[in-house]
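Written below as C-alpha cells is the structure these notes are about.
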C-alpha cells in the first residue's frame, strides 16, 4: 500500500487499454438458455454488455425499463448464472407454491387423527389384550383403559402410533434432503426437483382415499412419503429465497448506488465513450475510485445494505407464509363442512385428505409456469456421467459437500448459534402441534370437526401473525433475533398452561390447565400467532447468514437441523405416552424444549454473520470475487479461509 505522503500517491494510474473490454468479450460466449431455464414468457438473454463492465450501473438501470431484463443485473458469478432481476411473475411463482403446499402443514393434522383412528379400530385394550377399543371421541368407549395395536409384532399405544410414524418420516426426509442438495445447488435441477417432490407428495395424500381399516400400515407409509416429499420440496423452495432477494431490483439499485467510500454513485456522472478515452490519463476521479480494488465491496455501508436485504427477505418470507395460511384457512373451512356433512367418519377424513392432496397438485402448476430455475454452478464431475451415473455422482458429491458444509458452518459463529437454537425450536414447533391434537382427541375426547376448528383458529391467528410481527418489530424497534425471542416467550405459555392441570386446586376447579375442550381454542390462537412470526423471521434471518452461492447446501443443513431434531421430539413424546399411559406428562418435555433455544438466539449478530459468510464464500465452489492486494493481505479477512484451507489439505 502506498503511503499517503508519498509523492507518487497522487499520480493517476496508467491509461487503460482502450479496447481491452472488447478483447475480453472475444474470450467469452454470450450465455444462452433453452426454454427449460425460462419462466413462462420471460425469455430474454442474460448475456449483456453490462455483465462485462461495458455499461455503467446508471445506464443499466435506465435501460432496464426499456425491455431488457438483463440490464441492471448483477454480474454473473459462474457460467450459466441467471442474473436477471427478480420479476413480479417470478415472485408470484414462489408464492404460488406456498399457496399450494402450505395446506399440507395446516390441514395435515388430519393425518395423525386418521392414523390414530385406524390404529384404534385395529387395537385392543391393554388390560386383557382381547377387547376391541372403542372410539377415542367416546369418553366411555375404551372403559378408561389404554388401547394398543400390534405393529411388526410390537405393542404400541394407538396414541403414539402417529408420533412414531412421523419420527420415521423426518429421519428419511433428512437423509433425502442431503442427497438432493447438491443437485439443487449445481446445474438446472432446483426447480425440477421442487416440482417432482410437490407432485409426489400430493399424490400420496390423495391416495388416502383408498386407505381402509385393514390398510392402516399403508396409511402410515403414505404419511412417510407425503411428509418426506413436503419437507424436501420446501427445502428447495427456501433455497430460492436468498436468490430472489439478491436479484431483486431494489437490492440491485442499492448495490449500484454504493461505493467503498460511502458516497452515492449518482454523485459521479458516467463518462461517454469519447470523453472517457480522451480523459483517461487525467486525475479527475476521486481517490476512493483509484484505490478501489473491488467494485462490489461495501466497506463503510455494509450495515445499511444488510439491513435492507434482511427487511426485504423478511417481507417476502412473511408474505409467503401469510399466503399459505390463507389457503389453509379456506381449506380448513371446506374440511369442517365435509366432516359435518359426512358424520365425522374415517371415510370423511379420507375425503378431506384427498381434497388437500388435489389442492396441492393443482396449485403447483402456476409455480411450474412462473418460477425461474435459477441454476447453480455446474458440477465438474457431472459432465462425465449421464442418467443414473450422474445421479449417483450428485448424491456422492452431496454427502461429501455436507461434511464440507458442516466444516464451513463450524467457522461461522452465528450460523452455529442459529442452527443450535433452530434444532430445539423446530422440534418444539412440530412436537407441540401433534401432541396437542392427540391430547385433544384422546384426553379431551373432541370430535374431528372440533379438531378442525382448532386448526381454523390457529390458521387465522397465523395469518394475523405473519402480517403483524413485522409491524410489531418496527413499532418496538426490535431486531430480527429479538422478534424471534418475543415469539418464544409467547410460545412458552402453551406447555406451561398444560402443566397447570397438575396443580391440586386447579384440578379441583375442573377448568383451566386443559381440562375442558374449549381451552384448546385460545391456545390454538397463541400457537398460530407465534408460528406466523417464527416461520418468516427464522427463514429470512438464516438466509442472511448463508454464504452466497451455497443456498441449497446450507438450507439442506437447515432442513436437517429442522427435521432431524423432529425425529427426537415425537419419539420422546411417544415413549412418555407408552410409559405413563397419558399425554399430559409430555408437557414437561415441551416446556423445556421451547425455552432452551432463547439463549442461543439472543447471541446472534446478523452483521457479523453476514460478513463472515461473504468471506467464506470465496472458498465455496462457484463463487469467486476479485479482491485488491490490500484486502487479500488483511489478516482478519483471511482468518476463516486459512483455517479451512488447513483442514482440506489434510
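Using N, Cα and C of the backbone, Cβ positions are placed for all residues, glycine too.
It is 557-577, from the ranges 389-409, 557-577, that Swiss-Prot records as transmembrane segment. Swiss-Prot lists transmembrane segment for one of the ranges 292-312, 586-606, 607-627, namely 586-606.
All protein chains shown were included, and the count of other CB atoms within 10 Å of the CB of residue 344 (N-linked glycosylation site) stands at 19.
Cα of residue 344 (N-linked glycosylation site) to Cα of residue 311 (N-linked glycosylation site): a distance of 44 Å. Here the transmembrane segment (217-237) has Cβ contacts under 8 Å with residues 94, 97-98, 101, 104-105, 108, 111, 114-115, 118, 151, 161-162, 165-166, 168-170, 172-173, 176-177, 180-181, 184, 190-191, 193-194, 197-198, 200-201, 204-205, 207-208, 211, 357, 552, 555-556, 558-559, 562-563 of the same chain, all six or more residues outside its ends.
The Cβ neighbour count for residue 311 (N-linked glycosylation site), using a 10 Å radius and every protein chain shown, is 17. Segment contact is absent for the transmembrane segment (484-504) and the transmembrane segment (320-340), given fewer than three CB pairs below 8 angstroms at sequence separation of 6 or more. Mapped onto three states, the DSSP output places residue 311 (N-linked glycosylation site) in helix.
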